[in-house]
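Report on the following structure.
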Amino acid sequence: MEGGGALLKKPFLENGNGAGVSSPPPPPALIFSTFVAVCGSFTYGCAISFSSPAQDGITQDLGLSVAAFSMFGSVLTVGGMIGALFCGRMTAILGCKYTMWLSQVFCSIGWVAIALAPSSWWLDMGRLSIGFGVGFLTYVVPIYVAEVTPKDSRGAFSYANQLLTNCGCSIVFLVGNFISWRTLALMGLVPAILQLVGLFFIPESPRWLAKVGRGKEFEASLHWLRGNVDISQEKEEIVNTMNFLKEDSNAKVMDLFQKKYAYSLTVGLGLMLLQQLGGSSGVSFYASGVIEKAGFPTSTGTIIISFIQVPSAAAGLFLMDFAGRRPLLMVSAGGMCFCSFLMGLSFILQSLNLLKDLTPILTVLGLTAYIAAFSIGVAGIPWIMMSEIFPMSVKALAGTLVALVNWSSSWLVTYTFNFMLQWSPAGTFFIFALVCGAMVMFTWKWVPETKGRTLEEIHASMAGCLH
């Protein structure tokens, strides 16, 4: 396998069609629909970053041990795993809109439970409820955005998912330095309420409506999302694809492992595993612990991180449909590899009492750059690819499987992260560096370029790649 993989057809590895062709500006209806959807991503960002600034306050107020707080942090991923088991089937039955609405109900209940928690049990139950909700959201938001946007702007719109996730992280990291953890939990209700209200004013995914045979609503949704443009060609492509897929509408779990889906499944599962095993969730959940371990002021370090996350995600958004998925993913994973190695090296120097004044700065610099590199590509692209590479006939089953793998590996990393830091901070980040390096190689050999292609074109190409 050479130059991106002999198994892959060369045109599929290169940039998609339409490069250099200007497209009309997106209609306001599409922008609004995307904004409402990615409010769920904002909720997810608040959830994954909450444990970092809240760690000192919660452990002091409720007397939690390291093990108990690790359980609180990682129980979010347990809820995510439970949500992942049902997200695909729930979306297939209810549609994207009602699945997002249901998700935010669970998130709202969880935030209230944490804000009012008198004991660790309430904390864990609230965190579990939020995890269940965001387990749905991490699947359904990129699916909805990918299905409502045209091919020429799908990458940028889909990466708005990651931009809003980073906005949630940044606000929690920043504001968490100045308010109590209970007030910070109540802040998580804001994006939840925004989405709960906004969902009443946006249409359902036209592809889902076509799949379930609601033809008039399908046309109305597509017209509303596209504005004053001719939708006849796109409408015909979607209808023809849905008619073709009707024969597979009752797909079973074992159908996923047919040869025609092997390539899609390899890419989806590989990206999700490598994204998490590279340490991203551990760093997001316990950034303040890493900063404290390095001997750097925690509040200053988290403020620095809060200011870098949004610009880096914005850079990924603008580069997505310009550079393509593959190059951005390789650059992002390569940056994470280098930064993990830098943090491991700085902790070695610290253990040897060398460069005492420099090692805390090196660690925080590496941590900040790691988060920036992650935000540019690895954070969002696996979810975008998941929403693009699986056909509607197996999207629910495949999405459930890859989301479950993502949340399961996230639980493994978040639960063990604090114990790994106690074992060896340097060893922890050297392991992450190896995984991130493996992700660069995996992307180069296996991951296709989907930029500039309709979902129907992508599915046809993926099915033929192993023949």
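Just so you know, glycine gets a Cβ as well, placed from its N, Cα and C.
In TrEMBL, the feature transmembrane segment is placed on 298-320, out of the ranges 160-182, 298-320. Outside the transmembrane segment (361-384) by six or more residues, the chain places 138, 142, 146, 155, 158-159, 161-162, 165-166, 268, 271-272, 275, 278, 280, 283-284, 287, 290-291, 293-294, 296, 301, 304-305, 308-309, 312-313, 315-316, 319-320, 325, 328-329, 331-336, 339-340, 342-343, 345-347, 349-350, 355, 406, 429, 439 with a CB less than 8 A from a CB of the stretch. When each of 185-202, 261-278, 327-349, 423-444 is scored by its Cβ pairs under 8 Å to the transmembrane segment (396-417), the top-ranked stretch turns out to be 261-278. Taken as a whole, the domain 'Major facilitator superfamily (MFS) profile' (33-451) shows an average pLDDT of 89 in this prediction. Tertiary neighbourhood of the transmembrane segment (327-349): same-chain residues 274, 278-280, 290, 293-294, 316, 319-320, 355, 358-359, 362-363, 365-367, 369-370, 372-374, 376-379, 381, 424-430, 432-433, 436-437, 439-440, 443-444, 447, selected by CB-CB distance under 8 Å and a gap of 6+ residues from either end. The stretch from 98-122, 128-146, 298-320 that makes the most Cβ contacts under 8 Å with the transmembrane segment (62-86) is 128-146.
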